[in-house]
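Student: Take a look at what Swiss-Prot says about it:
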{"type": "BINDING", "residues": "CYS43, CYS44, CYS108, CYS139", "note": "[4Fe-4S] cluster binding site"}
Amino acid sequence: MNSTEFPLLDRTTQNSVISTTLNDLSNWSRLSSLWPLLYGTSCCFIEFASLIGSRFDFDRYGLVPRSSPRQADLILTAGTVTMKMAPSLVRLYEQMPEPKYVIAMGACTITGGMFSTDSYSTVRGVDKLIPVDVYLPGCPPKPEAVIDAITKLRKKVSREIYQDRIGSQQENRCFTTNHKFHIERSTHTGNYGQGLLYQSPSTSEIPSETFFKYKSSVSSHELMN
């Protein structure tokens, strides 16, 4: 803005009134203050790490990485999520204050990737655990794609209504799809599953009263046969 534009700006702002709603003001203030919690478990997270450098400079979007979920309003999941990691991911999401958003980055996070076909311990999509706002496919996605996903999330934030978002989250909660597994007793206890096998009692384990009672009840005709 040069010096010739200042008088025009003064004339327009002296008699101008900006009218807005509290919801729009809240959305506008959050557009450039997204604080992400980085949840990376695989190679996709390396592509996100390149955004921190000077070439892409993701600080210009107001992104400030946080190490605590209580200080973050955006969680970016990248990589494979296993069954053992699922409770930790849900716990991190629940500790984030409202409003909060999720970006699923990479094929392994969205669908389980190549590990979902033969693996029994891979979660087939992070949206089965937490609600996802933006899906970012790729193996791995490029840094430009991550910037595009953040731009789309900012557009979604600018148009959303807070009450509608709370209502949709209560209707579409996490754990929508159950993984069908049958829990059985573990046989790797050092006993080689002996508790699961039937063992006939030996003669020494039978009480003497039972043995002589059975012997006296047998007739001589049965003994001859």
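Every residue, even glycine, has its Cβ placed from backbone N, Cα and C.
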Student: Just jot down the residues in the same chain as CYS139 ([4Fe-4S] cluster binding site), at least 6 apart in sequence, with C-beta under 8 A of its C-beta; none if empty.
Tutor: CYS44, GLY106, ALA107, CYS108, GLY113
Student: Within the same chain, and leaving aside CYS43, CYS44, CYS108, CYS139, name every residue whose CB is within 8 angstroms of the centroid of the CB atoms belonging to the recorded [4Fe-4S] cluster site, in sequence order.
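Tutor: Counting only non-site residues, the set is SER42, ALA78, GLY79, THR80, GLY106, ALA107, THR109, GLY113, GLY138, PRO140.
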Student: If you count CB neighbours within 10 Å, which one among the binding-site residues CYS43, CYS44, CYS108 has the smallest count?
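Tutor: Each of the binding-site residues CYS43, CYS44, CYS108 was scored by Cβ atoms within 10 Å; lowest is CYS43.
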